Amino acid sequence: MRRRGGGMTVLARRGPTVLGGLWGAVRPHAVRLVLAGTAGVAAELCGLGLVAAAAWLIARAAQQPTMAALSLAIVAVRGFALAKGVLRYLERLAGHDVALRALAELRGRVFDALAARGPAARGRTGGAAGLRGGDALTRLVADVEAVQDLLLRCVLPAVAAVVCAVAGVAVCAAAVPSSAPVLAAGLAVAGGVLPWVAWTAGARAAAAVAAQRRELAVRALDVLDGAGELAVFGAADRFGARAVRAARRLERAERAGTRVAGAVAAAGLAVQGATAVGVAWQATRSGADQVQVAVVALTALVAVEAVLPLPTAAQRLREVLAAARRVAAVLAAPPPSPRATAAAKVPPGPLSVELLGVTVAFDPLAGAPDTEPAGAAGLDGAAGGGVALDGVDVRVERGRRVAIVGASGAGKSTLLAAVTGDVTPVAGTVQLAGRDLAAHAEQDVRAAVRGLTQDAHVFAGTVRANLLMARPDATMRQLEAAARRARFLEVVRELPDGWDTRVGEGGVGLSGGQRQRLLLARALLADPPVLVLDEPTEGLDPVTADAITRDLLTWPGGGTLLLVTHRLAALGDADEVLVLDRGRVVQRGRHDDLLTRPGPYRDMWDAERLTT
Ligand SMILES: Nc1ncnc2c1ncn2[C@@H]1O[C@H](COP(=O)(O)OP(=O)(O)OP(=O)(O)O)[C@@H](O)[C@H]1O
C-alpha cells in the first residue's frame with residue numbers, strides 16, 4: 001500500500017527501511033565513514049575553539065596583561081587554526097572516498113539485482129520488478145548517484161552540526177552558565193525549526209518544479225519529434241508557443257524554489273546574529289566581565305553557523321530519499337520465480353509446449369505483469385481490466401507448426417512471452433517438454449525457446465556479426481541458408497560491403513522491411529528447439545510475406561514453431577491455427593476447416609480478401 005504524506009514523521013517511519021537497504025553498500029567502508037565523521041566533528045570543534053580562544057585573547061590583550069599570560073592562548077589559536085585546515089581536508093578526503101566506494105558498491109548491487117531478474121524485468125512486457133528499460137537505467141545511474149549526497153551533504157554535516165552545537169552550549173555553560181539556554185534556544189530555531197520549514201516549503205516547490213519539468217519535456221518532445229507533421233499541418237508556431245509557455249512556468253517554479261531557499265538562508269543568518277546578541281546581553285546582565293562576554297558571543301556565532309547547513313541538507317534529503325527509496329525497492333524486490341534446485345535437463349530436438357489454464361494480468365498503469373494470485377488480484381475471470389491471457393489451455397506437440405492469429409490486443413504476443421518465460425502467469429502453468437518452465441534452468445529455457453520478438457534489436461556492427469550472435473559457430477553455408485529463407489540474401493548482395501556492411505547505430509540505414517528480414521534470418525539461424533516468431537513478415541509486401549510464411553510452415557526439419565501473424569493467406573500449411581480474442585482461444589483447427597465454419601477466423605479471412 002502506498003502512502004502519501006510530507007513532514008519529518010514520514011522520514012522517521014520510512015527512513016529505517018530505506019536506509020537499511022543502503023547500509024549494506026556503506027557497511028564495508030564503515031571505518032572510513034567513522035574517520036570522515038570524526039575529522040568533520042574535530043574540524044568544527046577546532047573552529048569553535050579557535051574563535052573562543054581568539055575572542056579570549058583579543059579581549060584579554062585589551063587589558064594589557066603580561067606576555068606570559070597570553071602565550072597559552074596564542075599557541076591555542078595557532079594550533080586550532082592549523083588543525084582546522086588539516087582536519088577539514090581529511091574529512092573531505094575520507095568523506096568523498098567512502099562516498100565513491102559506497103557508490104561503486106551500490107551500483108554493483110543494483111546492477112546485480114536487475115540482472116538477476118533477467119530480461120523479464122526489463123523487456124517490453126515488464127517483469128516481476130516491473131521496470132521498464134528507461135526506469136532501470138535511471139535507477140542504476142541517476143538514483144544511485146543521488147544517494148552519495150546522503151553521506152556527503154546530509155549525514156556528515158548533520159553529525160558535525162550536532163556535536164558542534166553541544167560543544168558550543170558546553171563552552172557557554174562553562175564561561176557564563178546563564179548564557180547557555182539562550183544559545184540552546186537559538187540552536188533549536190536554526191537547527192530544528194528552519195530545517196523543518198525548508199523540508200516542508202521546499203517539498204512544495206520541488207514538486208512544482210518536477211511537474212513543470214515533466215510538462216516542458218513533453219512539450220519539447222512534441223515539437224522535436226513531430227516537427228515534420230507540425231510543419232505540414234501549420235501547427236508549428238502553436239506548439240512552439242506552448243513549449244515556450246511551459247518553459248516560462250518552469251522558470252517561475254524554479255524561482256519560487258530559489259526564493260524559499262534564499263528566505264531560509266536569510267532567516268538562518270538573522271537567527272545567528274540574534275543568538276549572538278542575545279547571548280552577549282544575557283552574559284552582561286548576569287555580571288560577566290568583558291572577556292567572558294566576548295567568548296560566549298563569538299562561541300554562539302560559530303555554534304549557530306555550524307547548524308546553518310542543516311536547512312539545505314533537509315531540502316536535499318527530501319530529493320535523496322526519493323532516489324534512495326527507488327534504489328532500495330530494486331535491492332529489496334523478491335527474486336524471480338523460484339527455480340528447482342536440481343533443474344530438469346531440456347532434451348534436444350523439437351519440444352512440446354503446453355499452456356495449462358494460463359492467465360496473465362498486467363497492471364494497466366505500471367505496465368508490468370501483476371504477480372498476485374488471481375483471487376488476490378481481484379480478477380473476475382473475464383478478459384479486460386489488465387488481463388491479457390485468460391485461462392488459456394493449449395498443447396502443441398513437438399515439431400508441430402502452429403499459427404496464432406487474432407485482432408490487435410488479443411494477447412498473441414503475451415502468449416509467446418509466457419512461453420519464453422518473459423512474463424509469469426498469475427494462474428496456470430507453462431510446460432516445456434512435459435515439465436514446468438520453472439523446473440528448468442532459466443538459461444536452458446532461454447536457449448531452447450527463442451526467435452523474433454516485436455522489440456528485437458539490430459546491433460551496431462556488421463551484418464554478419466548481427467546474424468552470428470544467434471549462432472557464433474555457424475558456417476557461411478548456414479548463414480546464407482538462413483538469409484535465403486528470410487529473403488535477406490538479396491538485401492545483403494545489394495549492400496555496399498555485403499556481409500561486412502555495418503548496420504545499426506552509426507551504420508547503413510536499413511528500411512523497415514530489410515531490418516525485419518535481418519532479424520528473421522537471425523532467428524532462423526539460431527534454429528532453437530522451439531522457434532517463436534512474432535509477426536516476422538511485418539512491413540513486407542504481401543507476396544513476399546506469404547512466400548516467407550509458407551516456407552516457415554513447410555521447411556523440413558527445425559523445431560516446434562509458434563508463429564504470430566496477421567496474414568492468413570499462407571496459413572493453409574499450418575498444422576493448427578489458434579484464434580485468440582480478448583485473451584481467450586476462441587477457435588482452433590486447420591485453416592481450411594476454420595474457413596468452413598462461421599466465426600472470427602472466417603470474418604478475418606473475408607476482411608483480408610477484401611483489402612487485398
Ligand atoms: N507491458 C504491458 N503493460 C500493460 N499492458 C500490456 C502490456 N503488454 C501487453 N499489454 C496488454 O495486454 C493485451 C494483449 O497485448 P498483446 O501485445 O499480447 O496483444 P497482441 O495480440 O500481440 O496485439 P498486436 O497484434 O497489436 O501486437 C493488450 O490489451 C495490451 O494492452
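Cβ coordinates are placed from backbone N, Cα and C, and glycine is handled just like the others.
As recorded in TrEMBL, the features of this protein are as follows:
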type	residues	note
TRANSMEM	33-59	transmembrane segment
DOMAIN	34-322	domain 'ABC transmembrane type-1'
TRANSMEM	65-83	transmembrane segment
TRANSMEM	155-176	transmembrane segment
TRANSMEM	182-207	transmembrane segment
TRANSMEM	260-284	transmembrane segment
DOMAIN	353-607	domain 'ABC transporter'
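For the transmembrane segment (182-207), the partner stretch with the highest count of Cβ pairs under 8 angstroms, out of 33-59, 65-83, 155-176, 260-284, is 260-284. Non-local neighbours of the transmembrane segment (155-176) in the same chain are 36-37, 40-41, 43-45, 47-48, 52, 91, 95, 183-184, 187, 191, 279, 282-283, 286, 288, 292-293, 295-296, 299-300, 302-304, 306-307, 309-310, 313; each lies 6+ residues outside the stretch with a CB under 8 Å from one of its CB atoms. Averaged across the domain 'ABC transporter' (353-607), pLDDT in this predicted model comes to 86.
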